[in-house]
Amino acid sequence: MIPYINVPFDYVANLMGAPTDELKMIFLFLMSYPLAGLLKRLPDHKPWTKNVFIISISILYLVGLFDLWSGLALIVFDAVGAYLIAKYVEGPYMPWIGFSFLMGHMSISHIYRQMAANPSSVDITGAQMVMVMKLSAFCWNVFDGRQKASELNDDQKERMIVDLPAPLDFAGFVAFFPSIMIGPAFDYIDYHRWLNTSMFDLPPGTDPMKAPPTRKKRKIPRSATPAMWKMASGLLWVLAFLQFSNYFNKEVVLSDRYKNMGLLWRIFHLHMLSLVTRMKYYGAWSLTDGACTLSGIGYKGLDPKTGKPNWDRLINVRPAGVEFAQNSHAYLGNWNINTNHWLRNYMYLRVTPKGKKPGFRASMATFVTSAFWHGFYPGYYLTFVLASFIQNPLPRKRYYDLLTWLVTQLTFSFCTAPFILLTIHDSMLVWSRVYFYCPVGVALCSLFLASPGKAWLARKAGARSGGGGGGGGGKPGGLGRTDSMDSLKGGTTLGVPSEPGREFDELVEEIMVEVKMRRGSRAGPEGMELRRRVEATLVEKSEEMKKEL
């Protein structure tokens with residue numbers, strides 16, 4: 001560690017009442033801006049200088065600022081291990097071996113962090129979580145490069161790695177300093193195209209006069225203005241967090257004062273606890289996104305509508321999309337976007353056999369991966385299990401939007417409280433103080449949807465949307481869809497199934513097919529009778545598991 005580096009941070013931390021490591025992390029994010037500006041100015045025809053600069057700054061961050069010598073060793077170990085697995089292991093199990101190696105190693109770090117019981121301190125687990133995404137994706141991209149093009153989808157073809165990168169290029173990809181601590185994660189092909197500047201080539205047929213402005217002979221377009229906007233928004237979120245966290249924090253909801261408040265005030269405080277906690281992530285992710293934008297790697301091409309550069313390639317959160325979400329899928333899909341992409345592209349779609357649609361097994365594998373990736377605090381699993389029961393609302397008219405927004409926000413304020421409180425005791429204590437309103441509401445909705453009321457509600461929704469084609473599109477009576485909903489493809493967000501009822505039906509279908517295959521030509525129940533028996537057996541087994549727990 002740099003001598004006396006902690007002195008100014010300790011002084012400011014004492015004045016503000018904030019943890020020293022959190023202030024150092026904010027300083028790291030801000031330092032990445034001038035350093036990213038220098039990185040962009042290194043000569044494009046000498047990519048090795050960019051790699052060396054990136055690696056040097058990341059070592060400075062890990063060792064000079066946080067004294068994470070062991071953390072640096074862990075990152076190197078993960079990177080070398082993933083590279084060797086991708087290079088020397090052949091066959092279809094290579095990416096799964098790489099994934100297991102990375103997840104297993106990170107799990108050890110999660111356990112050590114949990115044993116240390118100091119959540120506000122900075123250790124290497126955050127960086128390792130980013131590495132798991134980047135390096136497991138790298139293994140899959142190398143695997144795709146060894147397959148026939150006809151066996152890959154368009155996204156896999158675009159991201160496949162045919163020739164293993166040079167060690168220095170790979171090290172630069174791993175150590176990319178604007179995102180090393182908390183992301184955003186990205187695939188190697190993005191780094192490679194940024195490094196050789198092919199990312200900034202104009203699409204075929206584009207008028208050269210419409211090329212975005214650059215400075216001198218650089219190919220990277222000017223990005224200071226969008227980067228500064230992202231930095232400004234990030235700082236505003238951080239300042240808001242520092243201000244409001246004095247009034248809305250977990251100590252308040254665990255106190256006797258909270259217990260003696262009126263119910264509506266308790267629900268309000270629980271919601272504000274969730275919102276203020278999100279402010280910290282909004283700030284951190286906006287700051288790192290801005291630094292990536294300034295370096296140029298956030299470039300997403302020209303916006304087809306405006307013709308201007310789009311700098312949202314690595315955007316990790318859309319605060320407005322979360323705060324104004326009217327259903328669970330939009331809420332989760334606008335949060336931790338790059339993790340959603342990783343889970344979808346490198347787990348949800350990868351466990352699905354070719355030629356088949358993703359089903360229950362894909363959702364369950366994604367769910368387990370997401371849970372383990374976050375860590376082992378019991379509160380995480382309370383949140384994930386409860387979130388899996390939260391279903392999207394049926395189509396609604398616009399005058400229901402306020403109600404669906406309020407229900408979504410209060411539901412997730414309740415659901416995500418254990419993510420903040422971490423322990424089962426504290427989570428159950430706070431939940432009990434608001435009378436478990438979320439699971440009670442979910443249970444009542446589930447009972448209603450299991451009754452004839454579901455058919456009645458579907459008829460009402462159909463009658464309201466019938467005149468508009470059911471899909472919006474600006475027709476009278478149509479049900480509009482937000483951009484966030486249209487952009488969220490795939491059956492899960494952060495491992496949480498978007499339609500648990502459909503997932504259960506798909507599980508039943510898979511079991512029915514398996515039963516028919518195993519019994520062959522022997523006689524047995526068919527059709528609805530077989531379905532009824534499978535469903536009854538699943539329910540019985542789930543009840544047995546509940547009793548054991």
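Backbone N, Cα and C atoms are what each Cβ position is placed from, and that goes for glycine too.
TrEMBL entries are annotated by machine, without manual review.
Per TrEMBL, the features are:
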TRANSMEM  23-40  transmembrane segment
TRANSMEM  52-77  transmembrane segment
TRANSMEM  93-112  transmembrane segment
TRANSMEM  170-189  transmembrane segment
TRANSMEM  227-248  transmembrane segment
TRANSMEM  371-390  transmembrane segment
TRANSMEM  402-424  transmembrane segment
TRANSMEM  430-450  transmembrane segment
REGION    462-500  region 'Disordered'
COMPBIAS  464-480  compositional bias 'Gly residues'
* Structure fact -> Beyond a gap of at least 6 residues from its ends, the CB atoms lying under 8 Å from the transmembrane segment (430-450) belong to 253-254, 258-259, 263, 266-267, 270, 386, 389-391, 410-411, 414-415, 417, 421, 457, 501
* **For the transmembrane segment (52-77), sequence-distant contacts whose Cβ falls under 8 Å of one of its Cβ atoms, 6 or more beyond its ends** => 1-2, 5, 21, 24, 27-28, 35, 38-39, 42, 105, 109, 122-124, 127-128, 131, 168, 171-172, 174-177, 180-181
* Structure fact -> Note: vs the transmembrane segment (371-390), the recorded stretch with the largest number of Cβ pairs under 8 Å from 23-40, 93-112, 170-189 is 93-112
* **Surrounding residues of the transmembrane segment (402-424) on its own chain - C-beta under 8 Å, 6+ positions past either end** => 119, 250, 253-254, 267, 270-271, 273-275, 277, 323-328, 330-331, 377-380, 382-383, 386-387, 390, 393, 396, 430-431, 434, 437-438, 441
